[in-house]
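Report on one structure; see the data block that follows.
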Amino acid sequence: MPIRHLTADAVRAAEHAAGDLLANGTLMRRASRGVASVVIEELRRTGGCYGRRVGIVVGAGDNGGDALYAGAVLARRGVACVALLLAPEKAHAGGLEGFRRAGGHVVGDLPDALDVVIDGVVGIGGRGPLRPAAAAVFGALTPPEDGGPIIVAVDLPSGVDADTGEVHDPAVRADITVTFGVRRNVHLLAAPQCGRVRLVDIGIDTTGAAEADTLWTLTDAEVGRMWPVPGPADDKYSQGVVGVIAGSARYPGAAILASGAAVAATSGMTRFIGSAAEEVVSHHPEVVAVHTHADAGRVQAWAVGPGMGTDDDALALLRDILATDLPVLVDADGLTMVAAHPDLVADRAAPTLLTPHAGEFARLAGSEVGPDRLTAVRELAHRWQVTVLLKGRITLIADPTGAVLGNDAGASWASTAGAGDVLSGMAGSLLAAGLSPQLAGAAAARAHAHAAVLAARGAPIGASDLLAAVRPAIRELRGVDAS
Ligand SMILES: NC(=O)C1=CN([C@@H]2O[C@H](COP(=O)(O)OP(=O)(O)OC[C@H]3O[C@@H](n4cnc5c(N)ncnc54)[C@H](OP(=O)(O)O)[C@@H]3O)[C@@H](O)[C@H]2O)[C@@H](O)CC1
Ligand SMILES: Nc1ncnc2c1ncn2[C@@H]1O[C@H](COP(=O)(O)OP(=O)(O)O)[C@@H](O)[C@H]1O
Ligand SMILES: [K+]
């Protein structure tokens, strides 16, 4: 089952559906115990609980209540706990009483030399950036890498929008985020701001949430299982032949990267059309490369666009390709032409996958992506009735029904020239193998991200290194030990 992320409204609906468990405080008790367990684990990992120091920053709502009850559990374990109340008159009354009874102290300023700071400023009820008092507290902390406390956010890092993941300024940057029952959009859309996300079961049922409130992520195992590999009855044609249209004799790089990625991603056959045919074959002799569409032979899907130019010949070729009833991935220069000629895809019935980065997205949509990337990508896919893959550290893939799959690359090594060409080749070959545009995009994005991490091992990479790591990444996702 893919991992589900919900909006704040959908989370609230699920909490309300829990009835008595919400009303009698059971949900909050479970949530706060979850926070305390994560903090205890962290303290044990670094020397034990007794005598360690935890500071709690408490806001005006139930998020602060969670933090105070967690502080009570910690205080009873011998942890020295202090709480700073940002809005003393609004602090959660039950939580505050429990905290004090357990031996916790309320302070006017956080002391130095804390081991952990718990961010209980706001959760899903928060709006906008941290207010000045909270900003001053977090701004004064020494970063963990310089010996400062680790920051554990309750539900989400305060100052980050629960639904859009917009990181306001200022906002908390957490090392660990503890959330309850189900992940929220923010945990994917602002993953780098959340640190490690720990999900605590509090006994709510979230399965009834509407698709419009849901954002999905495939697990590595799911991607590994769906990756097409040859079976006993397969031959080079039966697995789906992909046609790559990219690059030029003058700029062959995109052609070489995209067709190489198509070869690496699936077995079967890769065809190529373009003036860089000779250069492509010299790098990848298995590619069947020609100069014109008329000579190309049959394919089951096309990946078209990277470095192909935008002149009249390129436009005519793109028009021919999009007039077929085959699945087509359009990237880079292809997207520039589609943005200028929306009629190219307007009446397409066959699967269509557009793979813009933010700049190309703005050309297609007519406006910048903006801070709400999720809504932006959903709207464009709906408006154009195509699947849209919006690239970046968090890649979002929306299909025309509004369903969105997301992928956190986990690191940013792939932000290098030519990495998008590699993604096009990979996703194109998955389309040819019969995956839907959304699954092809999501599976390719995941393997691409793994490849970047494997290739980098801590040092910058170029797109050729990324390409060379595509096979090891697929192996890893499929759980195959190559040693
Ligand atoms: N219900 C349950 O059973 C469960 C709930 N759970 C927990 O409750 C959390 C939701 O609690 P919530 O709804 O009380 O809202 P919450 O996120 O604490 O913040 C809202 C308050 O903060 C304020 N405020 C707003 N923006 C601000 C800003 N930028 N900077 C500073 N302050 C700001 C605003 O007050 P104002 O000052 O505007 O009057 C408002 O009152 C949820 O995330 C989870 O942790 C769990 O225990 C599971 C069970
Ligand atoms: N900060 C980032 N972290 C992780 N991956 C990124 C980041 N920025 C871009 N990427 C990925 O790298 C690739 C870049 O594609 P693109 O912008 O089209 O580059 P190019 O046109 O040079 O090939 C995409 O797969 C994108 O998702
Ligand atoms: K918080």
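The first residue you see is number 1, and the count goes up from there.
Placed from the backbone N, Cα and C atoms, the Cβ positions cover glycine too.
Within the same chain, residues at least 6 positions away in sequence whose Cβ sits under 8 Å from that of Asp62 ((6S)-NADPHX binding site) are Met28, His92, Gly123, Gly125. DSSP assigns Asp62 ((6S)-NADPHX binding site) to a helical segment in the three-state reduction. According to TrEMBL, the feature (6S)-NADPHX binding site maps to 62-66, 123-129, Asp155, Ala254, Gly307, His357, Asp421.
Per TrEMBL, K(+) binding site is recorded for Asn63, Asp119, Ser158. The Cβ of Asn63 (K(+) binding site) lies under 8 Å from the Cβ of Gly120, Val121, Val122, Gly123, Ile124, Gly125, Gly126, Val154, Asp155, Ser158, each of these being in the same chain and 6 or more residues away along the sequence.
Under the heading AMP binding site, TrEMBL lists Lys391, Gly392, Arg393, Ile394, Thr395, Gly420. For Ile394 (AMP binding site), the same-chain residues lying six or more positions away in sequence with a CB closer than 8 A to its CB are Gly165, Leu188, Leu189, Ala191, Arg373, Gly406, Asn407, Asp408, Ala409.
For the domain 'YjeF N-terminal' (11-210), the predicted model reports an average pLDDT of 97. Feature annotation from TrEMBL assigns domain 'YjeF N-terminal' to 11-210.
The domain 'YjeF C-terminal' feature in TrEMBL is assigned to 219-477.
Screening the binding-site residues Asp62, Asn63, Gly65, Thr395 for a C-beta under 6 A from any atom of ligand 3 leaves Asn63. The Cβ of Asp119 (K(+) binding site) lies under 8 Å from the Cβ of Val57, Ala67, Phe138, Ile151, Val152, Ala153, Val154, Pro157, Ser158, Val172, Ala174, each on the same chain and at least six residues away in sequence. A Cβ within 8 Å of the Cβ centre of Asn63, Asp119, Ser158, the residues given for K(+), is found for these other residues of the same chain: Val57, Gly59, Gly64, Ala67, Gly120, Val121, Val122, Gly123, Gly126, Ala153, Val154, Asp155, Leu156, Pro157, Val172. Around the Cβ of Gly420 (AMP binding site), the same chain contributes Pro306, Asp331, Ala332, Thr355, His357, Lys391, each under 8 angstroms and 6 or more positions distant in sequence. Comparing the binding-site residues Gly65, Gly392 by how many other C-beta atoms lie within 10 angstroms of each C-beta, the top residue is Gly65.
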